[in-house]
Amino acid sequence: MSESKKMPAKKKTTRRNTKKEQQKKAATRKMIAFFVGLLLILFALARLGIVGVLLYNIVRLFVGSLAIVFLLLLAGLMIISVFRKQVLKENKRIIPAIILTFIGLMFVFQIRLHQGFNETFHLIWSDLMAGRVIHFVGSGVIGALITEPAKALFSVIGVYIIAAVLWLVAIYLMIPGLFPKMREDLHQRLAKWKEKHAEKVEAKKAAKALAELEKKQAVAEREELPEAAENSLFTSAPTEIPINIPEAPFEENETESPVLAEVPLDDEPVNFSNTNNYNGNYKLPTIDLLAEVPVKNQSGERENVRKNIGILEETFKSFGIGANVESAVVGPSITKYEIKLATGTKVSRVVNLSDDLALALAAKDIRIEAPIPGKSLVGVEIPNAEVAMVGFREMWEAGKTNPSKLLEIPLGKSLDGGIRTFDLTRMPHLLVAGSTGSGKSVAVNGIITSILMKALPSQVKFLMVDPKMVELSVYNDIPHLLIPVVTNPRKASRALQKVVDQMEERYELFSRYGVRNIAGYNEKVQRYNAESDEKMLELPLIVVIVDELADLMMVASKEVEDAIIRLGQKARAAGIHMILATQRPSVDVISGLIKANVPSRIAFAVSSGTDSRTILDTNGAEKLLGRGDMLFKPIDENHPIRLQGAFLSDDDVESVVTFIKDQSEAQYDESFDPGEVDESQVGTGASNTGSGDPLFEEARNMVIMAQKASTAQLQRALKVGFNRASDLMNELEAQGIVGPAKGTTPRKVLVSPDGEFIGGVEE
């Protein structure tokens, strides 16, 4: 019995000891698990050995490149749960706030990756199998699973908004009193603003009431005055009328224009051009005639820009070039990335990487501007995914050209969105070249339309040469034309020579009146007309437009080149300006002499760097995209400027031309008429020589009747170029009609007017 009584006592003691031991064992296991977990986290964070890299990649599989953040948060929560458990019990919102913040980060990291679920898993799995950590993998498999549906439903911007909302909610959970405090501050500021606004309104009401009171007092005092005083008040009232004149400045022009219109009628014996007759009723074309081109939203390019910045920096780094993208400017057709190079990097190394950068960016073509003028940066111009068309109406409205500058023309939109204009009077001549379909003809039509929308027919005249017969024929019969559009290349050289003769006549006129240019002459005419009853007409500006220079150079190269060179050298002061366009920019068309006298150039897309150097003296045009993409090199710039030309449809041109034709008829100037040209007169680029020249008999008779002979005399009388006149003179000498040349004196004529041979040639 004693043994049976002792046994239960031993069992009770054993049960009591087992509970304590279990608690100790549980605490021990918990601490062991804590330290083992913390040790594994440290191995994973430091990527120590194969185990550390493996653990880190396993975490990356689920949360991607946020593995470091996840492991640090996990370690922090473990430490708090073991040593500061009370903190989590008192602040139950901390864990939900951390989870929301982490989910927002997962959205952002996965969007930055620009990859889907399969690509993300492949990148992580390749690193896991290779035992390395190389690629940026977004937010892992979990991030891809939650981001891809959100991106499909709400777009990229929507995902960013969701992430921002999650972060705001997390901030609210962690700092509950923050938003109420902000709301109170906002209410206080609104209350202060309302008080100030109410005070201003009350002050205005008080001032208005005071003004009405003073007005009533003035009326009461006026009623008490005698009639004489009342009459005196009414007589002085008209002195306030001139104050309103500056508010309507256009009324002055409307009153002056009929006077200008009546000038030729008062002075009928003077047989001047009648261009001023319709200036009084002539109205300039309005912007409403042009169609609006919808403005394209380019916000979608931002994502491409961010992606390209990373590719550019990585590509430069792979070639051993230290470079950082300072800024990116999105233009209508291209985006320009401004890149800062590391000190000591040669610019030539960057220029030579053009093809490699195009390959990395998967771009059609890129242009490198090294360096950017005025900056210590290199520009890399990359085509946009979609081109934003620039409308001519939009450019005209934004350009805001000076109405007094008749030849100031909006040309195109620059990279920063600004409108670039140029004044043809300062150029003073312009060469436009580019391959077929590059936008050359649209640019020429834009220049002509810009002038037509600003200038009266008496202010600007055109002489147009269009051997293709389809580009400029739409402008026939407008009152701004000197003669109908010249389509025969054989007549074009004569028409250009007529312009040269007009230039010489203007210089003789300037010399007679003691002025230096057309502006001084017209100013003198204005003063004379203001002081005298007899009226003189101002000289108009003349714009010569040749749409296809190559065709003219094939038919009569010497005569055309001579006329262009003479106009290029002297025509600016005479108010004559040229626009030469060609789609074949070769050296036999754009010769060195033509380039020297036409300093301002526009290059559209060409096929080779050789053509680009022919136009601009530098490479670059071969990298253009076409459809209005141009390089503009004015006379006052050393480097070409890239612009996107405006689109002007044929319907818009037709609308403007029809509006002008409906107002007045064309009145051509016969002095510019090239006349009829015999097909046998002009060879293939060189002047005719020998007795087969049809003008030989006319030259022979003219020399015999005048009894003096010189090449300049033949040029003026026969309206031919210098080479042809020289050949005629040599033939006259060979047939014994004139003597040999003796310096600058005219040659002696050896045949009398009666046909007798005089002879007497001095040795």
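Even glycines carry a Cβ here, placed using N, Cα and C.
Note that this is a predicted model, so its numbers are computed, not measured.
Summarising the annotation, Swiss-Prot assigns ATP binding site to G437, S438, G439, K440, S441, V442. Within the same chain, residues at least 6 positions away in sequence whose Cβ sits under 8 Å from that of G437 (ATP binding site) are G626, R627. Under the DSSP three-state reduction, G437 (ATP binding site) is assigned to coil, being neither helix nor strand.
Positions annotated as compositional bias 'Basic residues' by Swiss-Prot: 7-18.
The compositional bias 'Acidic residues' annotation in Swiss-Prot covers 668-679.
Marked as compositional bias 'Polar residues' by Swiss-Prot: 681-691.
The annotation domain 'FtsK' is assigned in Swiss-Prot to 416-613.
Summarising the annotation, Swiss-Prot assigns topological domain 'Cytoplasmic' to 176-763. Mean pLDDT for the topological domain 'Cytoplasmic' (176-763) in this predicted model: 80.
Look at Swiss-Prot and you will find 34-56 (among others) tagged as transmembrane segment, backed by sequence analysis. Under 8 Å from some Cβ of the transmembrane segment (34-56) lie the Cβ atoms of residues 67-68, 71-72, 74-75, 78-79, 82, 128, 131-133, all in the same chain and six or more residues away from its ends.
What Swiss-Prot records for 61-83 (among others) is transmembrane segment.
Panel annotation: around the transmembrane segment (95-113), residues 63-66, 69-70, 73, 77, 88, 120, 136-140, 142-144, 146-148, 150-151, 156, 159-160, 162-164, 166-167, 169-171, 173-174 of the same chain, lying at least six beyond its termini, place a Cβ under 8 Å from a Cβ of the stretch. Summarising the annotation, Swiss-Prot assigns transmembrane segment to 95-113 (among others).
The annotation transmembrane segment is assigned in Swiss-Prot to 128-146 (among others) on the grounds of sequence analysis.
Sequence annotations record features per position, and here Swiss-Prot assigns transmembrane segment to 153-175 (among others) based on sequence analysis.
For the transmembrane segment (153-175), the list of distant contacts is 93-94, 96-98, 100-101, 103-105, 107-108, 111, 147, 303: same-chain residues at least six beyond its ends, Cβ to Cβ under 8 Å. The ATP site, placed at the center of the C-beta atoms of G437, S438, G439, K440, S441, V442, has further neighbours from the same chain whose C-beta lies within 8 angstroms: G434, T436, A443, F604, G626, R627, G628.
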